[in-house]
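Here is what TrEMBL says about this protein:
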ACT_SITE  GLU272  active site, charge relay system
ACT_SITE  ASP276  active site, charge relay system
ACT_SITE  SER475  active site, charge relay system
BINDING   ASP517, VAL518, GLY541, ASP543  Ca(2+) binding site
DOMAIN    199-563  domain 'Peptidase S53'
SIGNAL    1-21  signal peptide
Amino acid sequence: MGLRACLLGLLALILSGKCSYSPEPDQRRTLPPGWVSLGRADPEEELSLTFALRQQNLERLSELVQAVSDPSSPRYGKYLTLEDVAELVRPSPLTLRTVQKWLLAAGARNCHSVTTQDFLTCWLSVRQAELLLSGAEFHHYVGGPAETHVVRSPRPYQLPQALAPHVDFVGGLHRFPPTSSLRQRPEPQVAGTGGLHLGVTPSVIRERYNLTAQDVGTGTSNNSQACAQFLEQYFHGSDLAEFMRLFGGKFVHQASVARVVGQQGRGRAGIEASLDVQYLMSAGANISTWVYSNPGRHEGQEPFLQWLLLLSNESALPHVHTVSYGDDEDSLSRAYLQRVNTEFMKAAARGLTLLFASGDSGAGCWSVSGRHQFRPSFPASSPYVTTVGGTSFQNPFLITNEIVDYISGGGFSNEFPRPSYQEEAVAQFLSSSPHLPPSSYFNASGRAYPDVAALSDGYWVVSNSVPIPWVSGTSASTPVFGGILSLINEHRILSGRPPLGFLNPRLYQQRGAGLFDVTHGCHESCLNEEVEGQGFCSGAGWDPVTGWGTPNFPALLKTLLNP
């Protein structure tokens, strides 16, 4: 009788496909520039799809993040373990049972979950996947600088209505791998002056941000940092060694990465991958460093999503993660945005510091119903990450004050409301900025970013054994700020304190203490008559171009060391 009831239940679930819903109706499915279709996938080809299962107790999770991240809370620094988080958010037994039965009936196999049980990754044939996900039609695509191959569906998928309370979305259908916005700028021209530097190197960064030769990791603490890469790019250990030989002679450093998670290809090194590793390891010098390298290399997987799954499946992780990845917020479905934001909450509850690049398009620009608006970037716009903008030297050849780098991403989310921790700072900016763009261009009540900044212009990078100058982008500023936070964690751990964790509540409470305020310059935006290419402008205090400013290490250490 039990078997019959089970089979009837499965039949009802499959038949209820006639009464279906679309989890991601708002997900953009247009082909990104530079990608081409190679035609339909073979029906017997194998696919890997990831099912995001509905989580529980998210309000409680939000309260705990606030408690462990707020210095005025008695729970400050008392982070949850991965097992604690799993206990809290694990999907209900009904959700687990319903989804597993549905997938089993469809012929899914080799299903793998994560510790938190809220993601399930399964293998199916293209034929099975198209039957399971009504409306989906899988095609092969190739594109990007590395000629990456992926399998995606240009058509929306639907799920049985009975699954609506149980599945947030299915990964591996629509989102394409990101492309790098890193750029190599022409060398600035300047009249002859003395005391010049010829681009940003670790020595320049350490001088500007007041790091001495003694400001390095001890090599004895349980401290580590990581960068994550999703661009089908690789770093070469030989490039890192050569970079440190050229530029690391004045401080103690590690010459190799402690751990690579994921696939390290044998192809040419990518500038972005090389930059991330070289500057995280020279700013956070002599600290054990992990690299997450292109997780999810199977054609059906989304690399960024696979990185989130890795975080949900590893109980001991580096304290600081820097990520130079972003998408237009409007290109992603609401279901995906909200779920990824929850994944960042899970990381914050565990005391992980996640730093994301703010993007390299200034305020951005797009046209909505014939009207121009600024275009926020995600994950930069998530309220549960610390977002890093970019600056330039006032004189590109001298270690001077910093001004806005015009590409520095910043603005206001259209999806996430302004979090309470930044209420006062953002209200102050909106009421006092003399150069506000028209209100129709941005959502003044949204999460505002970036939170901090660092130099993003004119870096030297070694890639494929060649030193390359004038590399620019917030992909540079993010690992630099991350490395500096790792040095502060080193001091905290050695004095018996917990790592910094989710930084924003503390950062805003302390109103930018320990940071150089950047008060000159504006970033780029829409090239039209109304705003004439100008987005927001920096000013005293917090602003949506450089946040609270750039690190002054001794002062920032003093500010963040206690409690």
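The count begins at 1 with the first shown residue.
A Cβ is built for glycine as well, from the same backbone N, Cα and C atoms used for every other residue.
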Taking the centre of the Cβ atoms of ASP517, VAL518, GLY541, ASP543 as the Ca(2+) site, the remaining residues of that chain with Cβ inside 8 Å are GLY512, THR519, SER538, GLY539, ALA540, TRP542, THR546, GLY547, TRP548, GLY549
Same-chain residues at least 6 apart in sequence with Cβ under 8 Å of the Cβ of VAL518 (Ca(2+) binding site), in sequence order, are THR391, GLU402, ILE403, VAL404, ALA453, SER538, VAL545, THR546, GLY549, THR550
Expressed in Å to no decimal places, the gap between the Cα atoms of GLY541 (Ca(2+) binding site) and GLU272 (active site, charge relay system) is 31
By a 10 Å Cβ neighbour count, the lowest-scoring of the recorded positions GLU272, ASP276, ASP517, ASP543 is ASP517
Out of the recorded positions SER475, GLY541, the residue with the smallest number of other Cβ atoms within 10 Å is GLY541
Of the active-site residues GLU272, ASP276, SER475, the one whose Cα sits nearest to the Cα of ASP543 (Ca(2+) binding site) is SER475
Cα of GLU272 (active site, charge relay system) to Cα of SER475 (active site, charge relay system), in Å and rounded, measures 7
If you measure between the CA atoms of SER475 (active site, charge relay system) and ASP517 (Ca(2+) binding site) and round to the nearest Å, you get 21
Cα-Cα, ASP517 (Ca(2+) binding site) versus ASP276 (active site, charge relay system), nearest Å, comes out at 25
